[in-house]
Ligand code: SF4
């Protein structure tokens with residue numbers, strides 16, 4: 001790989017070997033002014049992974065300074081992730097790095113994709129419309145992809161080899177990259193190093209708390225959690241305290257939240273409370289309920305909720321409605337009716 005490529009694919013063994021051969025002390029990366037731009041870019045990688053997704057620069061081998069900055073920002077970002085050691089951040093970061101790599105891989109030549117595959121033990125061969133690889137390699141990285149088209153039974157298989165199109169091979173590589181980065185975290189970082197990074201860590205903590213707290217505080221875009229019916233609040237409280245919901249209640253809660261326009265990411269954040277949380281699986285289930293397969297599901301009526309034992313804490317308003325979504329709409333109507341128009345000025349006290 002060329003130098004610029006090492007910077008764009010910093011998770012490869014060639015990139016870490018290159019960094020190792022630079023032979024400088026970790027302390028210099030953390031504290032020297034010479035590496036400030038690498039530290040800033042490393043911090044930016046993490047902020048982007050929590051917000052917009054990691055954006056890769058366009059680099060050439062002659063951009064020596066920028067190549068080095070980009071290359072070193074990767075181990076620095078991993079140091080910060082390791083110091084914070086937050087399962088949510090670990091997942092978001094691994095996912096964002098892999099997603100950014102996937103976008104680049106789609107533009108690359110076939111031999112390069114095969115080279116990246118070798119990095120993760122995937123011995124793929126080219127054929128006229130894509131690649132074929134051993135079914136065990138396919139399974140290793142496709143089990144996290146829940147869409148029906150990724151099931152082994154739906155693949156073209158000949159003599160134990162699965163045939164995949166080019167973009168699907170790149171998608172498998174994305175999963176391999178994510179798995180590899182996620183499993184490498186947290187690194188064993190000396191306590192002093194984390195202390196030296198305290199400025200960056202407290203900035204990141206703030207963004208992380210804000211990101212995780214948005215859902216906790218009911219800040220869900222246009223959605224107002226204070227208007228949720230008692231049954232949905234009951235389900236949300238259970239989820240937040242790690243209690244497993246019955247399938248029917250999980251469906252009711254998810255379809256209610258998608259029904260009122262909550263984003264899929266915000267719903268995922270709600271379910272994201274345990275270290276073994278499976279983001280891909282949860283995303284697939286939510287997207288399915290939200291209509292990815294052509295049918296958008298709505299929550300059950302109050303009478304069905306009662307039949308399944310999912311009506312909890314019904315209040316006065318519940319007596320006037322027959323559907324959890326109507327509860328929310330009714331409360332929203334009241335809220336808007338009594339809301340002060342934005343341009344209404346406070347009246348001064350009368351004389
Ligand atoms: S009556 Fe309907 S909206 Fe109210 S708590 Fe029961 S299921 Fe929910």
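Just so you know, glycine gets a Cβ as well, placed from its N, Cα and C.
Remember, it's a predicted structure, so these values are computed and weren't measured experimentally.
TrEMBL annotations:
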- 222-319: domain 'DNA primase large subunit C-terminal' (DOMAIN)
- 231, 302, 311, 318: [4Fe-4S] cluster binding site (BINDING)
Across all the protein chains here, work out how many other Cβ atoms are within 10 Å of the Cβ of residue 318 ([4Fe-4S] cluster binding site).
17
Given the model, what does the mean pLDDT over the domain 'DNA primase large subunit C-terminal' (222-319) come out as?
86
Reported in the order helix, strand, coil, what are the DSSP residue counts of the domain 'DNA primase large subunit C-terminal' (222-319)?
56 helix, 2 strand, 40 coil
Cβ neighbour count (within 10 Å, all chains shown) around residue 311 ([4Fe-4S] cluster binding site)
20
